[in-house]
Every structure is written in structure tokens, then in C-alpha cells.
Amino acid sequence: MLSKLFVFLLICYATADEVDKKEAKHGFQLFHWNWDHIHKVYVITTWLLVASLAKILFNLMKPLSKWLPDSSLLIIVGLGLGYFLNQTTLSGVHLDSHAFFLYLLPPIIFDAGYFMPNRALFKNFDSVLVFSVLGTLWNTFAIGGSLLIMSKYQLFTMPFTTFEILVFSALISAVDPVAVIAIFEEIHVNEFLFINVFGEALFNDGVTVVLYQMFKSFALIGSENLSPWDYATGGLSFFVVALGGAAIGIIFAIATSLATKYTQGIKILAPVFIFLLPYMAYLTAEMVSLSSIIAIAVCGMLMKQYIKGNITEAATNSVKYFTKMLAQCSETVIFMFLGLSTLTSEHHVDFIFIGATLVFCLIYRAIGIIVQCFILNKFRAKKFEVVDQFILSYGGLRGAIAYGLVVSIPASIQAKPMFITTTICVIYFTVFLQGITIRPLVNCLNVKKKEHREATMVESVYNKYLDYMMSGVEDIAGQRGHYSFIENFERFNAKVIKPVLMRHEKRQSFDATSIIRAYEKITLEDAIKLTKVKSTLQNKRLEKVKSEVRVAPEQTTVTPKDVQLARFMQSGENIDQLYTLFSDLLDKKLNELKVQADKVDKANDDDIQDDYMAEMGSHSNLGFMHHSADQLDSDSVFQRRGRRLSTGDLKGHCGTSRKPKHSMFELRHV
């Protein structure tokens with residue numbers, strides 16, 4: 001036994017010595033090639049760098065970027081990259097569905113939820129809910145049923161079952177919020193149309209994923225193995241998954257707000273909670289098989305108004321920029337992978353299936369929008385016009401969500417290559433053809449555009465006033481509409497939610513709305529004025545009594561300065577010189593204010609806005625501000641002897657030989 005152990009140790013020593021000698025032959029190397037150690041991270045970084053440089057190049061090419069959306073340009077870059085990879089040994093590069101749903105999709109949905117204009121969404125919540133839920137159900141079953149009927153006549157080259165085609169019809173019904181935002185922000189449609197298209201695209205994705213998962217489970221089980229209980233459970237899961245995802249989003253929104261509330265001692269940690277907790281909401285929903293898209297979208301929407309009161313302005317801007325950066329990187333990678341997969345993925349081209357899918361997508365979306373708008377118009381004050389219905393039908397762009405779902409179809413489904421090819425063709429059709437032509441159509445149909453100006457203070461106050469007035473009308477009529485719900489929520493928000501979730505908010509024992517507070521303030525000021533008037537009248541009566549008692553009134557003393565000033569005021573030339581001096585000073589001050597406003601506008605114009613509504617009008621507001629400043633400069637006036645005179649008129653007037661006489665009162669009045 002000892003001899004065997006000795007032989008083993010001897011062999012190990014000899015082998016080690018031989019290896020050391022072999023390594024020693026090469027000697028010391030100054031540089032080492034460690035590609036295997038860093039190649040994955042390096043490829044990802046290079047990918048993002050190429051995509052970012054491509055977007056910069058597109059932005060510099062104004063004629064090209066004016067007509068082609070960014071998404072279509074990135075797909076073109078992906079096509080070029082795919083052709084290059086096909087000529088090399090890296091032709092197997094593809095987008096993994098696991099990476100898509102866990103790393104690329106969450107930043108996009110969080111960005112859409114965080115920058116969602118909540119007030120506009122709630123005012124149109126009925127239409128958004130109808131379009132995203134009922135519209136998605138209609139498109140899924142209509143497209144799937146039509147393709148299934150055609151397959152019975154053996155018109156397609158690959159067979160599929162009922163649930164397999166429903167899996168495909170569910171994913172092809174997903175309207176992409178990325179493509180919708182990119183297109184509709186550029187054409188500056190009105191807020192009513194934008195919020196309906198954007199809201200539908202966001203929540204439509206959550207509904208689509210729920211349907212997709214349900215039909216995929218049915219397809220894997222097999223229709224012959226399904227029982228009525230399975231169908232009932234699947235239908236119930238549609239509501240459980242959606243509402244459960246929303247509940248998780250609410251819980252994590254509260255957790256994020258509370259976490260940021262107590263970070264005043266360590267402010268650097270606040271942005272960490274803002275990004276980690278929503279992502280944990282997404283992962284938690286995935287873990288328990290609930291809607292992760294709805295979870296992170298709801299979390300972003302709800303936490304925004306509370307975390308702004310808990311963090312500094314600099315931290316708020318940092319959060320906005322980092323959110324946008326993550327979303328832009330994810331969108332860029334996804335669209336480039338769309339172009340790449342055209343040449344690198346396994347395809348099965350069936351022209352009849354592709355053509356039928358395109359036609360059914362267009363026809364059934366138009367039918368669904370028309371019918372839903374017809375029903376909604378019977379119960380809405382703000383009606384959907386014919387032009388609005390056309391843009392809603394034409395704006396159903398497909399994109400990243402549909403592609404991510406189709407590549408995650410199980411390999412056991414035989415028709416998967418045909419589904420992938422058809423999905424890519426539908427995405428290309430909607431992004432390129434519809435995305436390019438929607439701008440000319442909007443201009444041709446005279447679709448109402450967003451007003452490129454900020455609301456005045458009076459408009460803001462009266463908009464709030466109208467909301468409360470409508471709430472009062474609903475209360476008098478004995479009805480409970482969304483105006484009453486808004487009032488009740490704002491009251492509950494001020495009394496309970498804000499004091500709990502925000503740092504410097506105190507519990508309010510009354511309805512602390514701006515209108516009521518303004519009314520109470522005015523009433524209090526009127527009472528104070530009446531008290532002062534009463535006190536003044538009493539003082540005047542006392543002074544009158546005292547003056548009657550006086551034997552000799554006091555004489556007013558005239559100082560030498562008063563005499564000198566009176567002589568100066570009697571000269572007309574001096575008055576004209578004063579006008580000239582005031583005019584020059586005013587013009588100089590206006591120019592300084594204009595230059596300062598230009599600097600502020602240039603600094604703030606490219607800044608990220610709080611939501612997508614503000615982003616649509618940010619660039620146009622700059623021109624409006626410049627026009628207002630110019631108008632103020634040209635219309636600046638003095639009041640002289642009851643006449644309006646511009647500063648230019650004053651300069652010309654001061655050069656005349658007319659020398660009017662002015663009293664001290666008139667100069668002070670000026």
C-alpha cells in the first residue's frame with residue numbers, strides 16, 4: 001500500500017514538473033489574449049455602441065429621419081449586421097426569449113408606465129380599457145378563427161391545431177408601445193388621440209401575454225386531454241393573472257415610496273430603490289405566474305407622484321435620464337435583433353399564410369375599432385370622430401412584444417418557423433409602410449394636433465374648477481361618475497396616502513384643494529380689510545375731533561430740495577430727457593430678460609419631460625416662448641398723459657420741439 005502511494009506521488013511530481021518546464025519554455029509574456037474571458041460582455045457593449053452610433057447618424061441625416069421612424073432605421077441596421085454575420089462563423093446569433101423577457105422588456109414597460117400622463121389616462125380609462133381588453137380578445141379570436149377555417153381547406157403548407165393558431169393570433173394582436181410612442185410623438189397628435197393609442201398599446205401587451213400563456217398551456221396539454229374544468233380555470237386565470245399583476249404593482253409602488261421616504265440621511269440610496277423595487281415587482285409577478293407587464297407598469301404609474309416629494313430635484317432628473325437610457329438601449333437592441341433575425345433565424349415562407357394574416361390584422365382591427373367607438377360614443381361627452389377612428393385603426397403597429405413572444409414558442413409546435421416568418425413580415429409591414437405613411441395621412445386628414453403652448457394659470461385653475469363643478473353636478477343628479485371618483489380620491493390622497501408615503505406631507509383634516517383654499521384665503525382677506533376699514537374710519541373721526549380742538553394749524557415746511565425739484569419739473573426738456581432715460585432702461589432690461597430666457601429655454605428644451613404629453617410639445621414650446629418674448633419687446637409701453645406709447649414712440653417723441661408742462665403728480669403717475 002505504501003509503495004503504491006509512493007509511486008502515485010512520484011507520478012504527480014513528475015507530471016507537475018513537466019508542466020512547469022513546458023510553461024517555462026515560453027518565458028514571461030507581456031500581453032495575453034483573454035478573449036474567452038470577456039467576449040460576452042465585450043460583444044454586448046459593442047452592440048450597444050454600434051446601435052447608439054447608428055441612432056446618432058440617423059439624427060444627423062435629417063431628410064432620412066424625417067420620413068423613416070427610428071425603429072425602421074434600426075431594423076435596416078440589423079439587416080446589414082445579419083448579412084455580415086452570415087458571412088462569418090457567428091451566423092447562429094439570435095435573440096433568446098429568456099433574455100428578452102427578463103432583461104430587455106422590463107425597462108421598456110417601466111419607462112412607459114413611469115412617463116404615463118396619469119390624469120389624461122384616468123379621464124379616458126373607459127375607452128383605454130375597452131380597446132385593450134375587449135379589442136384584444138376580438139382580434140385574437142377573429143384572426144385565429146379565420147386562419148383556422150382556411151386551414152381546413154388545406155391552403156397552408158404547415159398544419160397546426162386550434163390552440164396553436166390561437167397562440168399565434170394572440171401574439172400577433174400585441175400592439176407595440178415602443179413603435180406607437182416613436183411614431184405618434186413625431187407627428188404631435190392631440191392628447192385625446194395619443195392617450196387612447198398609447199394606453200391601449202401598453203395594457204394590450206399585458207392582456208396579450210395572459211392570452212398567450214393560457215393558449216400555450218392548452219396547446220402543450222393537448223385538446224384531447226382538456227376537461228371542462230380546465231377551460232373554466234383558464235378563463236378565470238385571465239382575470240386572476242391581470243388583477244394579480246396590478247395588485248403586485250400597487251404593493252411595490254407603496255414599498256418604493258416608503259423606502260424613499262426614509263432615505264433623507266442617505267440620499268444616494270433613493271434611486272437604487274426606485275429601480276430595484278419595480279424590477280422586483282416584475283420578477284415577483286413572473287415567479288408566481290401573474291402578469292409581470294401589468295405589475296411593473298402599474299408600479300411605475302403609481303409611485304411617480306409620491307417619490308418626487310421624497311427625493312431632490314437633481315435625483316428626480318437622474319431617475320428620468322437613467323430610465324430613458326435603459327429603455328432606449330433595450331428598444332435599440334430589440335429592433336436591431338428584428339433585422340438580424342430576418343437573415344439568421346430558421347424560416348418557412350408561406351405566402352398565403354402571410355398575406356391572410358396581414359389582411360385579417362388590418363380588417364379585424366378596423367372593425368373592432370369602429371364597433372367599440374360606436375358603443376363608447378353613446379356614453380361619452382368627448383366623441384370619437386371618424387378621423388380619430390381611422391388613426392386608431394391605422395396606428396396598430398406591431399413590434400418587439402410580438403417578436404419576443406413568437407421566438408419563445410415551444411419547439412414542439414411544428415408551425416413555429418412559419419409563425420416566426422409571418423410575425424417578422426407583419427412587423428415590417430406595420431413599421432415601414434404604416435409608420436412611414438401615417439404622417440402624410442395625419443396631415444392630409446387634418447387631424448387635430450397638440451397645442452404647442454403651456455396652459456396659462458387661469459386655464460389651469462379653471463380646468464380644476466370645472467372638475468369640481470362636474471363633481472357637484474354629479475352629486476346633485478344623484479350619480480357617481482369619474483369626476484366624483486377623482487374628488488374622493490384626491491381627498492383621500494391628501495388625508496391618508498400622501499402623509500404616509502411622502503416625507504413633508506401632513507395629515508389634512510379638511511379638503512385641501514386649491515380652489516377651496518383660495519376661496520378661504522379670499523374670504524379671510526376680505527374680513528381683514530373690513531376690520532382695517534372700520535379701524536380707519538374710527539381713527540379719522542378721532543383726528544377730526546382733535547383738529548377741531550387745535551387752536552392754530554401747523555404750517556408745512558418747504559425744503560430747498562422741494563424748490564429745486566419743482567423748478568426741474570417745469571422744464572419740458574427735462575421731462576423729455578426723463579422719458580428717454582426710462583425708455584432706454586426699459587429696452588435694456590427687456591433685452592437682458594430675453595437673452596436670459598433664451599439661455600433657460602435652450603438648457604431646458606432638450607431635457608426629459610415628466611410624461612409623454614409634455615415631451616410631444618417640448619420642442620414647439622420653445623418657438624412659442626421666443627414669439628412671446630419678441631411680442632413683449634415690441635409692445636412694451638409707457639403711460640404718458642393718458643396715452644399708450646411704445647418705447648420706440650417715446651424716443652421719437654422726445655426729439656420733438658414740443659415742451660409740455662407737467663406737474664409733480666403727473667410725473668409720479670408715470
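Backbone N, Cα and C define each Cβ position, glycine as well.
In summary, of the candidate residues ASN86, ASN310, the record from Swiss-Prot lists N-linked glycosylation site for ASN310, whereas the others have no such entry there. Region 'Disordered' is the annotation Swiss-Prot gives to one range among 625-647, 648-670, and that range is 648-670. Residue environment of ASN310 (N-linked glycosylation site) contains 27 other Cβ atoms, counted within 10 Å of its Cβ in all protein chains. Among residues of the same chain six or more beyond the transmembrane segment (97-117), those with a C-beta under 8 A of the stretch's C-beta atoms are 177-178, 181, 191, 195, 198-199, 202, 205, 278-279, 282-283, 286, 292-293, 296-301, 304, 323-324, 326-327, 329-331, 333-334, 400-401, 404-405, 407-408, 609-615. By the count of Cβ pairs under 8 Å, the stretch nearest in packing to the transmembrane segment (351-371) among 129-149, 164-184, 418-438 is 129-149.
Long-range contacts of the transmembrane segment (192-212) within its own chain (CB-CB distance under 8 A, at least 6 residues past either end) are made by residues 109, 112-113, 116-117, 120-121, 124-125, 127-129, 131-133, 135-137, 140, 166-167, 170-171, 173-177, 180-181, 184, 237-238, 241-242, 245, 291-294, 297, 382, 388, 391-392, 395, 401, 405, 447-448, 450, 612-613, 616.
Among the recorded stretches 129-149, 164-184, 268-288, 325-345, 390-410, the one sharing the largest number of Cβ pairs closer than 8 Å with the transmembrane segment (41-61) is 325-345.
Highest Cβ pair count under 8 Å relative to the transmembrane segment (164-184), across stretches 325-345, 390-410, 418-438: 390-410.
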